[in-house]
């Protein structure tokens, strides 16, 4: 087998696989990369048993063949090659890697013992790839990183005819985004870390989803993935979204982010980075206090509702995370000083975040 490929495209493909293939494992084969050289180019595949991934790298191929090599070592060699073109040659169990005067020889592994990765060929739903990536990125911050929190470590994906919704929560905050998507009704929970890898590989065009038994299959023109789903039932998040809104505040999202960031410098880290929000007479006053002093900022806002004034305390990081996906004007909707608050883009029904205030 001989293959000629640009260093840039091979490095990009290896970078995608390198993120999911473990560098150490009790099963050495799981640290390997499977390479299939065929008429499409180089098909790179790897797994960590929770996420299977396959990526096509365009290449000129002579005498197609397949082999496995140490993933991270191979990627490191390719990254450090000089020149723009890379030549790969398989002779028996030895892989030669050549570029710009350099040559490396790697021993390949046991191809027959490598786990068989099967990717579905049909699709149950077709979504806009960039919209799915944007939606997952918008809510990812709210998913928990704590192992004991089970389904909170995932992102719920709801498919309902003409629309889809992604939801994440860690019990203290919630984020959701709804977008147009055609497909059969489904509810599933994809691990947040798998969603991270999905976002990295999604580009323009369409992404095809296949719903299997405990597996979500993802296909694009270049990449195929199988993500093992989380077991369990996601809590009824609709119950925590406030309905009885007493005060709505509208202002520039960028201005609010900047102001919260400023006053949060002095917020007490041992008191959940508390920042006070005080709304009255068309003004939002932000204040934070810690061991080294106190800071405050005042912003002009539009306010409406049955309550003329309200004071709440929030974790500054939670507020900044909630505001992150919002461009233009932001709306804050308050039900009371101790009730969950809504943060959303003004006039945009797609994205919504819910943050629980800090108690006094």
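Backbone N, Cα and C atoms are what each Cβ position is placed from, and that goes for glycine too.
Within the model, the domain 'DNA polymerase III beta sliding clamp N-terminal' (1-117) shows a mean pLDDT value of 96, rounded to a whole number. Marked as domain 'DNA polymerase III beta sliding clamp N-terminal' by TrEMBL: 1-117.
Note on the domain 'DNA polymerase III beta sliding clamp central' (127-236): DSSP counts are 31 helix, 54 strand, 25 coil. Residues annotated as domain 'DNA polymerase III beta sliding clamp central' in TrEMBL: 127-236.
Positions annotated as domain 'DNA polymerase III beta sliding clamp C-terminal' by TrEMBL: 239-359. In terms of DSSP helix, strand and coil, the domain 'DNA polymerase III beta sliding clamp C-terminal' (239-359) has 25 helix, 56 strand, 40 coil.
Helix, strand and coil residue tallies for the domain 'DNA polymerase III beta sliding clamp N-terminal' (1-117), in that order: 28 helix, 54 strand, 35 coil [DSSP].
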